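Engineer: First the structure, which I've put down as structure tokens, then a few questions once you've had a look.
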Amino acid sequence: MFNIHTGFYCLAAILLQICVCSQFSVPSSHYFTEDPGAFPVASNGEPFPWQELRLPNVVIPLHYDLFVHPNLTSLDFVASEKIEVLVSSATQFIILHSKDLEITNATLQSEEDSRYMKSGKELKVLSYPAHQQIALLVPEKLTPHLKYYVAIDFQAKLADGFEGFYKSTYRTLGGETRILAVTDFEPTQARMAFPCFDEPLFKANFSIKIRRESRHTALSNMPKVKTIELEGGLLEDHFETTVKMSTYLVAYIVCDFHSVSGITSSGVKVSIYASPDKRNQTHYALQASLKLLDFYEKYFDINYPLPKLDLIAIPDFASGAMENWGLITYRETSLLFDPKTSSASDKLWVTKVIAHELAHQWFGNLVTMEWWNDIWLNEGFANYMELIAVNATYPELQFDDHFLNVCFEVITKDSLNSSRPISKPAETPTQIQEMFDEVSYNKGACILNMLKDFLGEEKFQKGIIQYLKKFSYRNAKNDDLWSSLSNSCLESDFTSGGVCHSDPKMTSNMLTFLGENAEVKEMMTTWTLQKGIPLLVVKQDGHSLRLQQERFLQGVFQEDPEWRALQERYLWHIPLTYSTSSSNVIHRHILKSKTDTLDLPEKTSWVKFNVDSNGYYIVHYEGHGWDQLITQLNQNHTLLRPKDRIGLIHDVFQLVGAGRLTLDKALDMTHYLQHETSSPALLKGLSYLELFYHMMDRRNISDISENLKHYLLQYFKPVIDRQSWSDEGSVWDRMLRSALLKLACDLNHAPCIQKAAELFSQWMESSGKLNIPTDVLKIVYSVGAQTTTGWNYLLELYELSMSSAEKNKILYALSTSKHQEKLQKLLELGMEGKVIKTQDLAALLHAIARRPKGQQLAWDFVRENWTHLLKKFDLGSFAIRIIISGTTSHFSSKDKLQEVKLFFESLEAQGSHLDIFQIVLETITKNIKWLEKNLPTLRMWLLVNT
């Protein structure tokens, strides 16, 4: 799954059957006892024979025959299934997952009954909705080591939300509304579409049949093998049996979409599906998918195991995309590319989401985590593989520099005490949903990148190939990955003497460290089993470097009474890298203790740790360390690598938030930016200054916000004036242009406003036919939206536009209005879900809340409409978490902190608890402390520098 970013761009084991059961963790000893009171009560008042959230391990699914007939007029479906199961020990019940399904019949056949075509025995069905489970009570005990067939008939409404088997709608160019039925099952929603063993370990094969009208197309994981014509004009499509896979990867869709197709070099048919009017926006996705699938097959040394791969743009979709094996579903903005309205950022987004989902066909689908506590093995790897794959296939996108932000984004959360370890227990559906966050995705990717940098690319690649080959069609856990990376010699690497010489260039330091297989595990468990991020404190004393590691905490200062307790028992094995002013050589050292000392071979004026920001740690240079680096940046910044300059900018402002540096020191570093030649570095520095401006603007601290505005426009005027209103240059040139012109117009820079207003006027006069350069489209729309005429025109166009990229830009522009009644109208349309789709409501609230005129409106809206929001989105869903954090985490006053705290307490009193509550409260507290500590310094620094 790819969780879409906030804002508007913004993602089976091959074992002997008798041995299968040993994989499953829940014991099989929970039978009816003499005390029925020890068990939960089923919905009919009888005792329910199972009390655990996890399913028992006594019945294992092997194969599902699934038939589904959705009715897109009455918006419901009827279905039936026949599950082949293997019994491992005697039992009188079978427990499955089922949610919101009406079961009309259930029968059981033994293998012998099936062979002689005897009818099945009726089963009594008990339901326990609290655990989303049903129990099938069998008349006599099932015999161990035998196979049985469970047949279930069931029906339900197509869901209204974004989970299970749900309805989606789209509007044609002619204004007609059409309906499709689509599935989205990760993590625990397959049970909403068919009764099943809905846990990742219960891998099985699936044979799917779908009944439909002739005007529709049916798609599923596998290719269609035949279509049967039925009475009344209905058709029934039969699909090939799937490979062994988990229930959350099953997918089927009934729609009237059109497609474009191509064949990879290994013969896999790749098709991109979209609604008929958007077929012309599918060509880039096809090109990228063919290229990326070819790359992955070579990189993993494993062919994609299915004969086809479909990618489909769904009009209503909760996340960015979902990796269903052979039928990947996407939000339209994550798959479709319209050359007329899609910007450089849009292209980068579409490419990385496709790369992410295709990586999942190996990491997640072929090899699946044993349980959701290790979802990072799926998501962290897919995020990491974006870096490898996009760099290899689209080097012109310069994704390497973008990846730094992947790590910087999660550090913001991971430096709070309310963060969590990468691998963390999760049992309930809500807890499992909450695991799909920045820690699993981003931190998982960043520690893998750090490990790759430490081991070397060749050894790391061989290790993951070994991991994938060893656990294909099976499940794995953390330790399995570390074991494969420790023993990353493949058969072809061994000499006749049985020695692996796969890595002759590995340094003796690494070889010593990796002398024991346990060493990779020992190092990496310090990164997966404890939360947080380390701070490396460096003190240079002549030819020696004194090193110390601490836990890095934002908003908790060394002088605070709780600081010391929060440092206890935290220790990382940090693979350090550093360079010096004397040499370009990259030095390496593993810090496994709280303190250490390194000797420098020669005198050096500065030392820079975390080369190219490949390590997941913050660095603080005590003494004159920061002064020496700032001096170097001002004298000749090019002596430091571009990524090192970005890392320094990031770390210096993070250290201000931790109370380790004064704000004026960090701001002094930004002086060099007027000479910066790297667009990513310039963007990084500007992002902090822009952040401070918006913080002051929202709090109405007008003297500072005005001085900051003057400083930005004065200091960066030369680079702003150099920007053309075009789509020329490299990807980063184009993204710099978008960011600088957006900032200039946000700050009411007269030339920017004038040019944007002129383009908007010409565009309106052409009835929207004038092609505005895509990189400045959002800026032009935003300036145009400030007049009532422009705002109304954009809203009309929003409803008619066939480009999801354009709709995103328009919606952002509409949200920048300074008129509260217009913002209120947007929120009402978002709740209604027709003009503005419900899927966009979270991002809309986030955008409105970031504006001074919208922050109170958005916050009030969430509190007043909380019950209605929970009817649209699950409590633990990504959307709800974005709604909560997006409308509150920018607050920076004690009054607002108290308001938010009271609201969260009222929700918890109603039984709603989310980890995001504590994260938000801690973030607001951090903001308050930042202002208290840094406001006078910022005010004084601006007086001196403007």
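Each Cβ is built from the backbone N, Cα and C atoms, and glycine gets one as well.
What TrEMBL lists as active site, proton acceptor is Glu357. Taken from TrEMBL, the feature Zn(2+) binding site covers His356, His360, Glu379. According to TrEMBL, the feature domain 'Aminopeptidase N-like N-terminal' maps to 61-249. Per TrEMBL, the feature domain 'Peptidase M1 membrane alanine aminopeptidase' maps to 284-488. Annotation comment: TrEMBL describes 1-21 as signal peptide. The site 'Transition state stabilizer' annotation in TrEMBL covers Tyr441.
Each of these features: where is it, how hidden is it, and who are its neighbours?
Structural biologist: A sphere of 10 angstroms centred on the C-beta of Glu357 (active site, proton acceptor) encloses 30 other C-beta atoms.
Other C-beta atoms found within 10 angstroms of the C-beta of His360 (Zn(2+) binding site) number 25, with every protein chain shown included.
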Engineer: Looking only at the domain 'Aminopeptidase N-like N-terminal' (61-249), what is the model's average confidence as pLDDT?
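Structural biologist: The average pLDDT of the model in the domain 'Aminopeptidase N-like N-terminal' (61-249) works out to 97.
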Engineer: Run through the Cβ atoms and count how many others sit within 10 Å of the one on Tyr441 (site 'Transition state stabilizer').
Structural biologist: 26
Engineer: What number of additional C-beta atoms lies within 10 angstroms of the C-beta atom of His356 (Zn(2+) binding site)?
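Structural biologist: Within a 10 Å radius of the Cβ of His356 (Zn(2+) binding site) lie 30 other Cβ atoms.
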Engineer: Within 10 Å of the Cβ of Glu379 (Zn(2+) binding site), how many other Cβ atoms can be counted across all chains shown?
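Structural biologist: Its Cβ has 29 other Cβ atoms within 10 Å.
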Engineer: Whole-number Å distance between the CA of Glu379 (Zn(2+) binding site) and the CA of Tyr441 (site 'Transition state stabilizer')?
Structural biologist: 5
